[in-house]
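Novice: Taken from TrEMBL, the feature transmembrane segment covers 115-134, 146-169, 181-204, 210-230, 237-254, 260-277, 298-315, 335-356, 363-384, 390-407. Annotated domain 'Sugar phosphate transporter' per TrEMBL: 120-407, in sequence order.
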Amino acid sequence: MAQIALTSWATLVSFKGGAKRGAKLSSDTSRLRVSRIGTNLWLLNKSGGSGSGSKGFGLVGANGIYRGNRAVVKVSDGQAAPFSDSYFWAAANNKANSEPSDQDPSTKMKGTSRFFTIGLVAAWYSSNIGVLLLNKYLLSNYGFKYPIFLTMCHMTACSLLSYVAIAWMKMVPMQTIRSRVQFFKIAALSLVFCVSVVFGNISLRFLPVSFNQAIGATTPFFTAVFAYIMTLKREAWLTYVTLIPVVTGVIIASGGEPSFHLFGFIICVAATAARALKSVLQGILLSSEGEKLNSMNLLLYMAPIAVVFLLPATLIMEENVVGITLALARDDHKIIWYLLFNSSLAYFVNLTNFLVTKHTSALTLQVLGNAKGAVAVVVSILIFRNPVSVTGMLGYSLTVMGVILYSEAKKRSK
């Protein structure tokens, strides 16, 4: 049963009637319960206070209830968005409500909304694959051998652009840090996040994108391991079985990788493990309702903390990197544009992640993520012409298949 929480300041939705197409609705002062997601329900607008107003469909989604292109109630990371109208649901046996209306979202949203969603998905693919390929080009082909400084540029751009998007453009309501404890929790997440990104960028200096993505696909394995160690959370046995091809595929791909580099391999595995650790830690540290932040606000606070961590690391481990970058810029001014564009793309990766999840679902993002790795591999081979072997491709294919099976097993266990 889906539960959609309402905050105390949101207008309470009232209900009338019983069931329609298998979805049973009930409510109390703080929570709405819907027994089936993806059901169209008749909706009457009572915002005017007189008469039944306009009628149409309310679409029950995983993160809220929608009427046309806008949410009646929408939940993002546990926070219900404010809305102005009050609605009630018509009775199931109301004959006047037995036929679809012209406000059915399944027809009304097919035009503009479909193109908007397609555009979002295209932007998500472009930013994710673009930043990966540009990182590889800068750190390996171009010869800019400063992954910590590059990551710091990314975090600086994320800090500035996140503030613009939230404080000025009001893309999402700004959430505040409520306690010193919450701040230290976010700082801990930021540190792990820094390690995962820096190590990932370092690995691109030594490994081709195709092999990097194959190793990165093992994230579910490390997530399951850390979840068990840190929370003693056990998955269904079938879920653990699906992790066997995930790991086996990487082992096969490693044996058949023509450009295998041991140090790059170890660093990439460490980056993947850190990414999984950050995911598990986030679920543990920011689990209470008062501390949960949506992904946009979390980035707003994590990015500047990451800059604070990365600045001394850059100065110590990549000495005189700013002077070297300026010297490179005097010979080839394109390096500045590469860094600016690359840093902006790093922010848009996070922005499009949020928007795709908001306008589709977390499951859609997961499916797109599974396909993204394969697309990135093909594009990188076409661009960088790195040698590949049949064994390596078979290993990577086995890993991707294991990830898909893992996702299905997790979905069924819920």
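Placement of Cβ uses the backbone N, Cα and C atoms for every residue, glycine included.
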Novice: Could you check whether the transmembrane segment (210-230) packs against the transmembrane segment (115-134) - three or more CB pairs closer than 8 Å, residues at least 6 apart in sequence?
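Specialist: They are not in contact.
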Novice: Contact between the transmembrane segment (181-204) and the transmembrane segment (146-169) is defined here as three or more C-beta pairs under 8 Å separated by at least 6 residues; is that satisfied?
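Specialist: The transmembrane segment (181-204) and the transmembrane segment (146-169): touching, yes.
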Novice: Counting CB pairs under 8 Å, which listed stretch among 181-204, 237-254, 260-277, 298-315, 335-356 touches the transmembrane segment (363-384) the most?
Specialist: 335-356
Novice: Any chance the transmembrane segment (181-204) and the transmembrane segment (335-356) have 3 or more Cβ pairs under 8 A, given the pairs are 6 or more apart in sequence?
Specialist: no
Novice: Using Cβ atoms only, state whether the transmembrane segment (115-134) and the transmembrane segment (298-315) have three or more pairs under 8 Å that are 6 or more apart in sequence.
Specialist: no
